[in-house]
Amino acid sequence: MEKLLAFSTQLQAQGNSSNSPPDPKDLDPSVLDHIFGANPADEMRKAMDAIEDPSVPLDQKEIAFDNLEMLVEHIDNANNLVPLQLWPRLLKQLESPESTLRRLAAWTIATAVQNNPKSQQALIENDGLKILFGALKKEDSDETKNKVLYAITSELKLNEAGIALLDKIPNSWEMLIEILELKHSVMTKRVIFFFYALLIQEDKSKQIILQKAHEFQIPEKVYQFSLEHSVDEDCVTKSLHTLYLFQKNKVSVANTNELLKSLVQFKSEFPEIFTVDEWKAFHEALE
């Protein structure tokens, strides 16, 4: 701050005299950063360098990751991960011995690819989907595993190429179904909402999820999750909305009569999950 004030005073003095302005080469770069803002590309490089530096304490690495994640919230910065050659380095952090760094790496990846087709493609080109599923399989921390799952679903939403690629990644669908069967209130709900997102897309992704729904009995598993978490309105809401879309596409649970009975109970407890017309349409589709 003192340097910034001194520089401001110098400029003001120069403006009130006939002397030439100060030579730009003499200006302190830190002062210019205060005035104009640091270059995001440089900040991204510095953050990754700090994350990789073994001499940097863990808490400082976490701060560097937070900075990187905030930077890639801006789509241009996210897309600059390619020319800066940061994708391989970022993905490598999914193998860090520190669970915190693995979690922050997954979070940063999710932020970079979310609603960003260019970054989604860049992740694919860096073998990122395969790496993410490998991390999902090996991860033993639920908190970190949830962030890896978040990165996967962020990459695959509105991404036909990514969905089509899943059949080439060993056991990718099986891993998603395994999480669905866990009935974990957070991770399972994320998978269910991901399936819902695919069902509202009018593209090949929708056809693929309908095919997988038959193959893995997905509606049945979603229904069982709703029963397991029947007092949790958000879990029930996401489950029923997803089941409704499956039903509209003629993919249903094995026992529709049981689902009909459950709908009556859910409607009495959470009437605002659907509109009156939607409740009626769901009932009629099951009858």
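From the backbone N, Cα and C atoms, a Cβ is placed for every residue, glycine too.
Swiss-Prot has this to say about the protein:
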type	residues	note
REGION	1-30	region 'Disordered'
COMPBIAS	7-20	compositional bias 'Polar residues'
MOD_RES	SER18	phosphoserine
MOD_RES	SER20	phosphoserine
REPEAT	75-114	repeat 'ARM 1'
REPEAT	117-157	repeat 'ARM 2'
REPEAT	160-200	repeat 'ARM 3'
Can you tell me how the residues of the repeat 'ARM 2' (117-157) break down into helix, strand and coil by DSSP?
35 helix, 0 strand, 6 coil
By DSSP, what is the split of the repeat 'ARM 3' (160-200) into helix, strand and coil residues?
33 helix, 0 strand, 8 coil
